[in-house]
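Student: Okay, handing you the structure first.
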Amino acid sequence: MEAKQESSTVWSTASNNDTGNTPQVHFEAGAVAQIVYSGDQSDRTQQQVVYAADGSSYTSVESAEHTLVYIHPADGTQSQLAVTNAALPTLTEASSSPLGATDSTVDSEDEEEDNDSEDSEMDDWEPRALQPFTPQNLWCEDCNNANPAACIKHGPLHPILNRPVMSKARASLPLVLYIDRFLGGVFTKRRIPKRTQFGPLEGPLVRQSELLDTHIHLKLYMLDPEKEGERAQDLWFDLSDEERCNWMMFVRPAQNHLEQNLVAYQYGSDIFYTSIKNIQPKQELKVWYAASYAEFVNQKVHDVTEEERKVLREQEKNWPCYECNRRFMSSEQLQQHLNMHDDKLNLIQRPKSRGRGRGRKRFGGARRPGRRTKFLCPQTPVESADKTQELLASVDKLQFEERTDGALNGLKVVEMAAESMETETEDALDPPPIHTESLQDEEDSVTPPPVTEIPESAKDDLSHTSPIDPHLTPQDMRRARRIRNAALKHLFIRKSFRPFKCPQCGKAFRDKEKLEQHMRFHGRDGCRHVCHQCGKGFLSSTSLEDHLVLHSDQRNYSCLFCAESYDRLELLKVHVGIHMVNGCFLCPSCKKSFTDFIQVKKHVRSFHSEKVFQCSECDKAFCRPDKLRLHMLRHSDRKDFLCSTCGKQFKRKDKLREHMQRMHNPEREAKKADRIHRTKALKQKEPTTDFESFMFKCRLCMMGFRRRGMLVNHLSKRHPEMRLEEVPELTLPIIKPNRDYYCQYCDKVYKSASKRKAHILKNHPGAELPPSIRKLRPAGPGEPDPMLSTHTQLTGTIATAPVCCPHCAKQYSSKTKMVQHIRKKHPEYQYNSSSNIQAPLAATVISSTPAVITTDGTTAEAVVTTDLLTQAMTELSQTLTTDYRTAQGDFQRIQYIPVSQAGGGLSQPQHIQLQVVQVAPASSPHSQHSTVDVSQLHDPHSYSQHSIQVQHIQVAEPTAAVQANAQVSGQPLSPSSQQAAQELSTAQLTPVTLAQQTLQTSSNQTQGATQHAYLPSNWNYRSYPSEIQMMALPHTQYVIAEASTPVTAAVNSSQVKTTHYVISDGQTELDGKQVSVPSTATQGHPDPLEQPAGGQQATTQYIITTTTNGAGASEVHITKP
């Protein structure tokens, strides 16, 4: 035990000289056991040790005093192993046996091979001498040593940086505020009302001499704990350290009273900020001292100038009246002012009468005829009554134009000392307490005072504003306001207070007469229609029939969980309590749990009820009529709900509400404001000079593009005359990723994010939705991959043919996207767009292993470096073009009608039987079936040979006399043909509609027959369908093979020729060329003078010439013009 306790010390203090005392024993599978001896056992010989495969213990031959320390490969921690005394074989025998013999499982052959390779690496490794500890050296656990830099053998480490942590000041910022990154200061996200308190302030306390002028200076009033009642040393808040202060350090001081919206003051032992006005969103917080606190810190409050007072008054009045252009501070004041406009309108419109005024009054003395007076006002002196009328007439003007002065924040207010003064007028205006019981006996004897007619002068005064009576004192104004508030309170109590309640049905009334009138409905007196079951009386038969439904067998309220039904909803709510399981209701259909009966009732009605309400416009059905009405709005064009912020219109009110919550919420507006102040870092785009490195290229402008849409936009703007089918990159399929979307709450898997979202909303209500892939931001250094939170997995790619818009140059990967584009960009064609949708372009894939024919006629293996995009996209498009391939050995028959000579008629039609041949570039032996070879990116694009595969055709030709008259202009003529060429239209020619094919004369053909490949002078290869357009060949070269009419050779000619042309991209027309070979020409070495050179570019075409002698032997030559 002592040896084991000292093992860690011996291990850590081992030096270079102690390596002999710590032998390492190598076992199979790369396991290493190291024996650490104690101090007095260092001279012992090596012990025979077997390291167990499970890593829990080891076995020694004898009870030696040593400790075996196991180093965990995962984290490098050390642990001691228990000792088991047992006699074991020698090391050689132990090492020859597999270590994993204790396990029940047997390793496979592949795992044994991997273990052998690991053993070989461990055998080659030799530990270095342990270097002394130096903090400048980097430790390598694999080498068990330190290095001055990265380990040379094992390479550099893979660092994972710490996640950045915000400072205390920024982390403590409330959610309703944000700090501007560029301007500085604290701004609001939403409206903050007046009298909102922030704080307390946190920060270190220092002396005044250590303060900085960049922040507001705040002093803390403190008492000395040792000396009672005496102040301690003055200490100030240091607001310069973000790690020790909270967010209030970022609030900047106000320069004047106009921009100040916070006051700083000390309450207790803390400093707080309080808002002195309503702070609007996106407004900065500016603080200054309160009046008393400013005197404490030897500062002055900001004086309010007359201009600032006007601005403040206009800012506070945010409720304008559209009748008289006045503004008010609150909606209540505006509503009271609008009532005054209503009174004026009623007084002006109604005619005069000698009786009492019938105009609408809010709080007048006029009463409805036959209505008794409830509350009486005691008699007041005449002077007080006149003054009261004056107050009531001018109270509206006072309430909205009152100006307050005072000592608070420098504002001048009227002295409030007069508030405590009690005058006789105040006593007269304050009525004594009145008891309702004492007034009921006097109600009959009291008559209301007469109301005189309002003179015309008074009506004229009501139509316009007039200044306040200067004789009214502030006390009179306050008393008038109290009278009006008391009247409003009385009106509210009168409307809401219902003390008289019916004992039978529980209905409440404000008056006793109403209750007595209601009680007659419960008895037989005064009611002709009486219920024979409960005795309740009704005034009409309709009301009785509605009541009898409650006593019928058809119960209206049935239980969802059993067969019980009730005539009242209250009884049903009491009953459903017995169906609760652990405080929750379980849906009888899907076993979902709900805490409220209303929720489970809505769930059953929405998802498990029968859909009987069918839509007349479509096939959808609903279980409720209100849902059907909402759905019918989809088929209408009316949009009655308008967003007042952005002007967008909606058909449904709930959609408008969702729009307001999603697009115009305060947090989003605050983010927009923050985004406006941000300046995007301008990245200087350096145009690349490697044109071939781009996937999508415009060869007319020699410009490359990274994306397909950029090339389409470029062609539509710069080259509108060019068709998209003429660009080979735009005919290639579109590669889209294919993903699986997993539900993180169950085992469901979906192919689209929208279906997964609908599943979560329906089956997991209230659960959090996974983030959208489109809104993910790249992870920073040390942060986890954001794709892990989306619960998606990439399962492969899908190659789809592009779908072109019939009205513009746009291309889309699916028909649905294209239809959406038409509805948005071409609404005039959305109803007939289905018939004009272009079918996806078909891409032909060629796969073959042909021979390569060189210029000397021999067949050799060619190493062709193909274009990276062409080869990769060709392999990807193989899955799409199976239907367009023609099986090997299939024959197609075409009919060719030649044109006779001048004055001659049409010759007999000739049928040419052509065998389809698949031609592809020869595969490189170094590619190893690899689609992308990095070495091809910088190879020069110079090609001198390509693959040509030759097959046979059979020609059924008529008599020689008819053939002699057949002549076609624009095609290569035979050496014996000396007649003038005649133009042949493309409508009369029937070209072979298969690309990348060459023809060769059959070896058993009639001697003297001549084979031609014709290309008319007006032939344009871009106008043909996509099947015969440019195919994938090296250097974007394309073979155009055509069948020709056999022409009888001359008598002295023993050789015939067949010519094929290879044209490159960008060459719109290819004129026919006459290739003549003298009869004495040597086979295999054609004269260069035979090649046509008239007006042809050197890099636009290749000419393939096949020479056949009289014996049937043929030879092929590839030359450049």
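Including glycine, each Cβ sits where the backbone N, Cα and C put it.
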Student: Write down the single range among 500-522, 891-913, 937-959 that appears in Swiss-Prot as zinc finger.
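Tutor: So the range that Swiss-Prot calls zinc finger is 500-522.
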Student: Per Swiss-Prot, which of 153-176, 585-608, 849-872, 1041-1064 is zinc finger?
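Tutor: When 153-176, 585-608, 849-872, 1041-1064 are checked in Swiss-Prot, zinc finger belongs to 585-608.
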Student: Which one of these stretches, 585-608, 741-764, 803-826, has the most C-beta pairs shorter than 8 Å to the zinc finger (557-579)?
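Tutor: Comparing 585-608, 741-764, 803-826: 585-608 has the most Cβ pairs near the zinc finger (557-579).
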Student: DSSP on the zinc finger (741-764): how many residues come out helix, how many strand, how many coil?
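Tutor: Its residues fall into 11 helix, 4 strand, 9 coil.
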Student: Which range wins on Cβ pairs under 8 Å with the zinc finger (641-664): 500-522, 529-551, 585-608, 613-635, 803-826?
Tutor: 613-635
Student: Do at least three CB pairs under 8 A connect the zinc finger (500-522) and the zinc finger (529-551), leaving out pairs fewer than 6 apart in sequence?
Tutor: yes
Student: What counts of helix, strand and coil residues does DSSP assign across the zinc finger (641-664)?
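Tutor: Each residue of the zinc finger (641-664) counted once, the result is 11 helix, 4 strand, 9 coil.
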